[in-house]
Amino acid sequence: MKIAVMTDSTSYLSQDLIDKYNIQIAPLSVTFDDGKNFTESNEIAIEEFYNKMASSQTIPTTSQPAIGEWITKYEMLRDQGYTDIIVICLSSGISGSYQSSYQAGEMVEGVNVHAFDSKLAAMIEGCYVLRAIEMVEEGYEPQQIIDDLTNMREHTGAYLIVDDLKNLQKSGRITGAQAWVGTLLKMKPVLKFEDGKIIPEEKVRTKKRAIQTLEKKVLDIVKDFEEVTLFVINGDHFEDGQALYKKLQEDCPSGYQVAYSEFGPVVAAHLGSGGLGLGYVGRKIRLT
């Protein structure tokens, strides 16, 4: 038995990790109103993306990997001698990535594809990838890995803040926000992932209060966990994320693992300006 681990590009793993563990990536893409399309790899730097999004008349659209892209990756790994592939995907609540990866797995012969819905995005999705790789190295079988990830999902989540809900509403990536329409003038929304979907949690007066709310909600959840990994996931307001990261490093118990990452273009397109996330995992994830 030989097991590969792959994911889509919204896990936002560093290139060092991708190279070290030979992780295959199925890229999502973004398209702007001028027709220019970029796959989520090295085709567009995140700073350039935010600048282009700010100057566009409409929000960019995003596309999941085509089934054919998944099939090509699966067949390549099969031809390299892999018998099983663990595939970690962006939440099915905001993307068709999981469904297309699963369907592609049904169409490929000679290799067993095990698609897993992270129900999250960004580096919290990436934590599932790193956990799966660790378990492969320890000799676990595919179903044992999927079972462990499923258990881990019960103690994993994320809260988000954005400047406004415009991008999320126009892209259809937020659930249950209708009652908030027209009520957010001078207010900042606090959001969370719930069962794979982004839903409104609270609205507060200032961005400072929103960040404090983000921190309090997550720390209240993890306070009884035996192990904790926290990820600050930053958007285009760089100083906000850096300040939160530094504060958590200073204030959290010594046993907490606090890490930092950034949103890539696809998730940033949905969140819009001012996105900032704080994710948590009830495990100590190997991050190197």
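Including glycine, each Cβ sits where the backbone N, Cα and C put it.
Taken from Swiss-Prot as is:
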- 3-282: domain 'DegV' (DOMAIN)
- Thr62, Ser95: hexadecanoate binding site (BINDING)
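Around Ser95 (hexadecanoate binding site), taking its Cβ as the centre, 25 other Cβ atoms fall within 10 Å, counting all chains. The domain 'DegV' (3-282) scores a mean pLDDT of 93 in the predicted structure.
Secondary structure at Thr62 (hexadecanoate binding site), taken from DSSP and collapsed to helix, strand or coil, is strand.
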